[in-house]
Amino acid sequence: MTNTIPNWIKLNNEIMIQKDGKYQFEKDKEAVHSYFVDYINQNTVFFHDLKEKLDYLIKNDYYEEEFLSKYTFEQIKSIYKIAYSYKFRFPSFMSAFKFYNDYALKTNDKTKILERYEDRVSIVALYCADGDYEKAVEEVHTMMKQEYQPATPTFLNAGRKRRGEMVSCFLLEVGDSLNDISRAIDISMQLSKLGGGVALNLNKLRAKGEAIKDVENATKGVVGVMKLLDNAFRYADQMGQRQGSGAVYLSVFHPDITDFLDTKKISADEDVRVKTLSIGVVVPDKFIELAREDKDYYMFYPHSVYKEYGQYLDELDINEMYDELVENPRVRKAKGNARKLLEQLAILRSESGYPYIMFADNVNKVHPNEHISKVKFSNLCVTGETLLLTENGYEKAADLYKKQNDLKVVIDNRTKDFAVGSKGTTIVDAIPMQLTKKDAEIFKVKTKQGYEIRATEWHKFYVKRDGEIQKLQLNQLKTGDKLLVQSAEGAYGKIHEPDLAYIMGIIAGDGTITEKTAKIYLYDNKKVLEQKVTDAVHRIIQKHKVDRAYKHNTSLLPTFNMANPEKQDLLYMNSTVLFDILKKFGMNKETKTRVPEFIFQANKETQAAYLSGLFQTDGCVNANHKAKALTIELTSIHYESLQDVQKLLLNMGVYTTIYSNNKRSQELLPDGKGGSKLYNVKPTHKISIQDRNSRELFMSIVEMKEYDVYKFNLLTETLQPKSRKPKHDFTAEIISIEEDGVEDVYDTTQEDYHSLIFNGIVTGNCSEVLQSSQVSVYTDYDKEDEIGLDISCNLGSMNIVNVMSNQSIASTVRIAIDSLTTVTRKTNIVNAPAVARANTLMRSIGLGQMNLHGFLAQNNIAYESEEAKDFANTYFMMVNFYSLQRSMEIARETGETYYKFDGSTYKSGEYFEKYVTNDYSPQYEKVKKLFGDQHIPNIQDWMKLKEDVMKYGLYHSYRQAIAPTGSISYVQSSTAGVMPIMERIEERTYGNSKTYYPMPGLSAQNWFFYKEAYDMDMFKVVDLIATIQQHVDQGISFTLFLKDTMTTRDLNRIDLYAHHRGIKTLYYARTKDTTQEGCLSCVV
């Protein structure tokens, strides 16, 4: 018996039979017509009307009745009428075949067809609108115009009575116990049965040879678990309609990594080889660094790490912890060579296409929800002596850590909206100070004006560049950058000691402290202060006298004496009692010139009194009437002391600059005996108050000597009523960034705006320490399980060609988000409790895209061109904008935001920085024309959206993910995802016949724009995907296309370039056999 080849297959094959030297693309449409007339129509069950059809499908358990009962029959009929009004025709045989073979509902024996394309679209629209007729109308229009296509699980299952889940993919954490492993396998099978793809994180599993209950060399490692999963996924599928799909991930720092990779070797032994299970490798930046330096590297046994640190290997920041793990003798480790492993990865990917690669730090660096990702030990941190401005004034980070109190901190208003003009401060809540890393590498940032800070390279700063505010990590700063410093009066403490503060200021300026005595000197025009100082000292002694025995001649009411009665040029006071009181409050011989710690937590009157005493003795008003220049200055040989004063003044709203004279010199100074003589002096430094606003504010707060007040007023009266705006604009210019040792570091989290003021400098803060995916702990039957957070996501994709043709980006995104949201709400996977919990709390969706190469080719734009990047930059920005907008609107409508939204960079506004500072409109005129009359969101639109999101929140934790779009691309007659095509005319084998699929709209005119991926420069492909990635909050399915002439070194170069450009993940690496190549271009 011979199998007859159907007529539609013959017609499709005639595409490749040249006529006049050209392919016969028109034959594909003839094949579609034959397929319908000769097969589809002949095998479709006939119903007299829609009611008869629906009654039959419900009665025989093909359709759910519940979702249909939410509409009237007239509404349902109207949706079907809309669908059929389009008179839809599949443009290619492959698209029609894919739909009817993979998606159309069939009788139980699979012999008869129960749905046409219009029927499936109508049911999906009704199901995803969930009783909202107007939404159902929008969705049926959008799907019939093929602007939006739900992913396979939704398109296949929506509305069916016997169905799988509509969620596309899951990620499970696997705990390190037999109960955890068994439960993970069971849940994987349940999810596979429902039609979902499942990825599992194996990094918590003990490596081969680790101990169990202190018995060494007892564990089998990850490969045994992989074999179990491989068999599980092959066994559990969706009733034969959709095969099970699983993937497992392991870090390059796990000791089983080599065995893990060997499971995909073509030559691997059957005992270790996995057949259907996909594998992926997690690559942190530290590994890339070690490979570039051609160094050996260490892998760490997870259980020994857990025993030592109480956290799993994949929960640690390996970039920061690597050296500590290497040096820690209690952490078991194995040695390897980073470059050799990179080479092994390249060889295996060339042979099998595996493993997938995830660049862990590229994912985390731009993760808007990093506050609920794994713990970051090296996030945004400062050293212990750094002063944080709180509602109680300045307090040391280390001291706050010891107290562990909830904080109220002062922030600069410019960090709220990134507006240069929004000067001012606000007091907001923050969590208790945290010790975020021990022995962290420290860098010192110095500014031209004297402000300094010591922090880790990840600490974030607010920088004014090109008139705009940006938030940058320390390792992104450069000399010349202008850091924001506090722009208005802040907050003060509650300590009230103005007399004590005043005398401390006097002594810091013109006093000395010996081993037992405090001395105060008054000379020249300072002698007028005699009575004021004497009265203050007496009040201090009366209030704070130390309970101790003094000599009989010790005065409790010390007075000034004349050092040289004849000259009457020096007054001095000695007091042992005052010495004891000053010592009690932290002032002694060594600390005399530093601002006492309690002053930083004192009230404004007390701080002003200290500054008054200091400036009355060591300060002056420098007035130049000719130049109309007026400055208030304070000179000292102690630079750090002036920095203390600078912080106090900045908190009062007074901007200062510190100047240094680094040359040693001689000065005429009092000799302590009533006379003067030349002394060698150390280099001097001067704090200067120059701008008019700061000068006048200072004089209203701090009491200067009468003569200085006279000079100040005399010149001020000659100035214009209004002065120009200060040039400093409350910024400080960086002059150096230097390594500065290793120390413990601290930080807190201010969840509203993620900003703080350290040492007067406006900075970012740490994100909250939680995990986005939390491992579950499954116990024995008599104990309660601990359910964590696994990850689920339902997908759908927009067809770029049709969306752009219909000028409908905004409306399609809105409709797609609504549809995906309904799927999320209607999903409850009880067999996977951690997935169900995450779906309820996180509400993640994944709006993707397809037909990018098709769109570019049909508009005569080369995939590798600058114009392609220009289009992608604008298009994907718009999708991001409208998806954020719709998620915000749903949050506003429902009053609900996703779990822990308040800790996200969406809430802080940080996420929007690049959008409110950069214009993403098209740069090329040709690309501009493609967008037609569609509104392209501008900076003002983004600023409004930022404001709305910060106010109302977001409903979804994740919104975009660009999947490969395999089968649904064929249904849409689309190129897959955002990747370039592999072949201009695909050849497929079904049964005993071949079929051909020309790329959508392929013609002689666009033939060369449909360049095949294997002929492209992969570096330029990386550039285009990197352009897209910056607008996509999740990942992109990115396949590398290689020729077999490429070396492993070539592949490594591409991988490293992808990492450098911020690519998050690399999917398959496909290799083409160049010996089979033929030339097709001559027969177009």
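Using N, Cα and C of the backbone, Cβ positions are placed for all residues, glycine too.
Not measured: the values here are computed from a predicted model.
Straight from Swiss-Prot, the features:
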type: BINDING; residues: Thr152, Ser168, Cys169, Gly197, Pro964, Thr965, Gly966, Ser967, Ile968; note: substrate binding site
type: SITE; residues: Cys169; note: site 'Important for hydrogen atom transfer'
type: DISULFID; residues: Cys169-Cys793; note: disulfide bond
type: SITE; residues: Asp176; note: site 'Allosteric effector binding'
type: SITE; residues: Arg206; note: site 'Allosteric effector binding'
type: ACT_SITE; residues: Asn379; note: active site, proton acceptor
type: ACT_SITE; residues: Cys381; note: active site, cysteine radical intermediate
type: DOMAIN; residues: 503-654; note: domain 'DOD-type homing endonuclease'
type: ACT_SITE; residues: Glu768; note: active site, proton acceptor
type: SITE; residues: Cys793; note: site 'Important for hydrogen atom transfer'
type: SITE; residues: Tyr1067; note: site 'Important for electron transfer'
type: SITE; residues: Tyr1068; note: site 'Important for electron transfer'
type: SITE; residues: Cys1079; note: site 'Interacts with thioredoxin/glutaredoxin'
type: SITE; residues: Cys1082; note: site 'Interacts with thioredoxin/glutaredoxin'
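Cβ neighbour count for Tyr1067 (site 'Important for electron transfer') (all protein chains, 10 Å cutoff from its Cβ): 21. If you measure from the Cα atom of Tyr1068 (site 'Important for electron transfer') to that of Pro964 (substrate binding site), you get 11 Å.
Under the three-state DSSP scheme, Thr152 (substrate binding site) falls in the helix class. If you take the Cα of Ile968 (substrate binding site) and the Cα of Asp176 (site 'Allosteric effector binding'), they are about 38 angstrom apart, rounded to a whole number. When pLDDT values are averaged over the domain 'DOD-type homing endonuclease' (503-654), the model yields 91. Ranking the binding-site residues Pro964, Gly966 by the number of CB atoms within 10 A of their own CB puts Pro964 at the top. For Arg206 (site 'Allosteric effector binding'), the same-chain residues lying six or more positions away in sequence with a CB closer than 8 A to its CB are Asp176, Ile212, Thr219, Gly221, Tyr301, Pro302, His303.
With a 10 A radius on its CB, Cys169 (substrate binding site) counts 21 other CB atoms from all the protein chains. Thr152 (substrate binding site) sits 19 Å from Tyr1067 (site 'Important for electron transfer'), taking the C-alpha atoms as the reference points.
Put simply, Pro964 is the one of the binding-site residues Cys169, Pro964, Gly966 whose Cα lies nearest to the Cα of Tyr1067 (site 'Important for electron transfer').
Its Cβ taken as reference, Asp176 (site 'Allosteric effector binding') is surrounded by 19 other Cβ atoms within 10 Å in the chains shown.
Each of the recorded positions Thr152, Ile968, Tyr1068 was scored by how many other Cβ atoms lie within 10 Å of its Cβ, and the smallest score goes to Tyr1068.
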